[in-house]
């Protein structure tokens, strides 16, 4: 058999002078995995940092004090810290050639082990924050549903989230002990698998809940996607929460597969941290744009009303003009979707659009 230099082993000595041979393909596989994982983490870190800056810039300070905004900002911040700590592993002595292949970490300072523990702790804090954000978003979307349905959905959501958080906490404890002891917790593999199952269950539950909301909204409004320019802020929020929540579901499913040079576990939480503030931000921007449109329309009506008022030179003419007035009182029909949007942007035009009277009506009444 011909000699293949690409398959030859690399040999080095342990502290006891025992030779250790590692095949070159195994070394190349580890290097490829490390590079692809760091690129993955860097992409997540950059995405969260960019979105955090956008949220802080485009959200008014008064709205940043809302619970939903605080949860979104906290989720993005914790995701940045967690991902940075995960990246730190790949530039630490724990991932150096000799320490890894020889399994000898005696020369590694303990602070690098503590960095790994901190990364696990922030992963737990991120998970808790995202579960709270999902519960808050779900409550906002179902708070105006019938009481019995609302209570059942709330109880189910709380149960699933608390179970997932509890098992995640246990998983973090086992993971930290394994990192400090430098030994895998093989005997507790069932606990880790249960935590992953509950994590996937919680993601799938909220995805289903948001998509029930989307389907209900489609049935009520019969075609909200006729034109992207006619979407209301509530419709935008329903679409983003419903459709984009499929992204973390896909990553949660990929956690159970074995793919070369691809790590999906961290992407599950990162995608949730990005999707929630992104949908709310889009809805708020559409609401603000529509508010400006209402203000501009109102100013034009006021100008036209003042011109018409000059033509009313006698009481008979005023009465004639008054008889031909048309009002828009009660012309706008609000469903519970629009009412829910008021919780997102109470200063928008939608929050004050329940009953509207044209300004020219008020001016003509004064003239009479």
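A Cβ is built for glycine as well, from the same backbone N, Cα and C atoms used for every other residue.
Please treat TrEMBL annotations as automatic predictions, because they have not gone through curation.
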Problem - transmembrane segment according to TrEMBL, located in which of 23-40, 41-58, 257-274 - result: 41-58
Completion exercise
TrEMBL record, transmembrane segment, of the ranges 236-254, 293-311 the matching one is 236-254
Completion exercise
Ranked by Cβ pairs within a distance under 8 Å of the transmembrane segment (112-135), the first of 41-58, 70-92, 147-170, 190-215 is 70-92
Problem - Same-chain residues at least 6 beyond the ends of the transmembrane segment (70-92) whose Cβ lies under 8 Å from its Cβ atoms - result: 34, 37-38, 41-42, 44-45, 48-49, 51-52, 55-56, 64, 108, 112, 115-116, 118-119, 122-123, 125-126, 129-130, 132-133, 136, 266, 269-270, 272-274, 276-277, 280
